[in-house]
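> One structure, pasted below without further comment.
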């Protein structure tokens, strides 16, 4: 049977059940209450029933006569109001003499204790109201974040965490890899230390500083470090905490926050994720969030209302600067924008050293090498890598962090942990090995240096069945058209090796296809590297720090042309990869066989095999075949040997079939490339041309 996960039901769900249950109970009890309730009649009817001998029991209270009478042979209860009848007692006495079964009494009032009466009538209802008040307050507190925002007594009060002097525990020494950002914020620290010199010259410190950058780059850490360096109180609050369920509460919290800040000036107010309240306001007039806009308006008013010389500095952080309201980012409010970007090579090395200080480690750790392998990572990623390395050291039974632990943790963070018990057939292992060596071989032939750091066919929990790590010796800040094309060629190397050796296409190239398509599309639409479109913007990207959301700004016809040009770049890169592998078929077999034996090889082992010269034929040097024929003959021998050992004749193709297929593919590529818009700018020659360029 299917299992349904029980989610947390909303409160209204239980209210509906309670109301329905109450109505059902009322319907059930209605006949019972109606049956026991006396029937009201007139006083004259009551007297008539007494005279007729129908009345059996009469009870008098302060307001009514309640009696039982026999009607049509059944006893029924009746009630009637008091009447100033002095003859009623005599009438009842006479009736009781005639009818022995008539009795009449007066209800005796039972007096309750005055303390019990006070408790029941006053204290108990008050306790009940207090209980209802408490439950409602608790429910609101949970709804509003559970930090006091739902307390009725705290409505409109700020939830900001307040750190007094030196309580943040952070200084600029704790922030590595962001030297430019620290230099920009040093002025804020200097102003808070000595504002007088700025007042003397007439300079005004920016009221607000906006920290902009990708997630995990240390924006919050920088804000705490500024407060720690300045030795002033630090107010920290998230932008989402201003947004409440009642209109006006967010604006009230903004007023209270700045009131507290002015009382403790000089101080720093830090609003994290300010885009939660600082989003551009709706210009259509149909606002869908009055509470957020009121909060933003109040924030704008407060920023205009305080003087920068008061010593209150507002810091905010966001990774979505493009959606902020222009009124918020204009000069006079957030005057300064500080970019907190991903760290460079030196920054990554410094960040690794900062995080490694907290961990017992060996002295010979090469932080520069680790930094080279972690290009494009943030400070948070690097902290995670160091922590993963420490966890690995504990699992391996060591008491200190080693270089190997850090290298393995990089792969763990990128591709997942090793699947040591995974069962993969020999056929699939062979395909994976040729695929990964195809990447590495194409990369090495194109660059003529050592880009490959590691090749492995050990599967990973992240979904990768193999992994090829390439590391550039020098960090790249810009890339040429040729370099981008070479990158696509490298990505196509895995699929090309599958086609050459196995005459098959597998699903292992899915991620390569995704990356290659993205690079080729960027070449056309973002980088302006196509001769036809030239210096023309074809796509817009929003939210660059959050992965980027693309939107085409061209017609459908132009979009079709873009797709054709992207396809052409990828096709030419694919053919270039096939040519490289065909020219180095012997090395492809040799390295793949070695990888199948070892499962993991280093970049040094890879380059040693690649640079090893073939053995010369000294018996008959005059009849030595050409380099191309030797490669083809060696490829046939290797294929026959492999098929004999592992009985894979069906998966191999003959050399003549391979040659025929490549010629057909090359002819098709030449027909597709008739306009030659890339041939004029992208070198598709042999590796000798690359050697000349490098020299």
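Keep in mind that glycine also has a Cβ here, set from the backbone N, Cα and C atoms.
As annotated in TrEMBL:
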- 12-29: transmembrane segment (TRANSMEM)
- 115-136: transmembrane segment (TRANSMEM)
- 436: active site (ACT_SITE)
- 571-598: coiled coil (COILED)
- 612-676: compositional bias 'Basic and acidic residues' (COMPBIAS)
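I'd like these features described in context: how deep, what's nearby, how far apart.
In the three-state DSSP classification, residue 436 (active site) falls within a helix.
Mean pLDDT across the coiled coil (571-598) comes to 94 in this model.
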> Take the Cβ of residue 436 (active site) and count every other Cβ within 10 Å, whichever protein chain it belongs to.
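There are 27 such Cβ atoms around residue 436 (active site).
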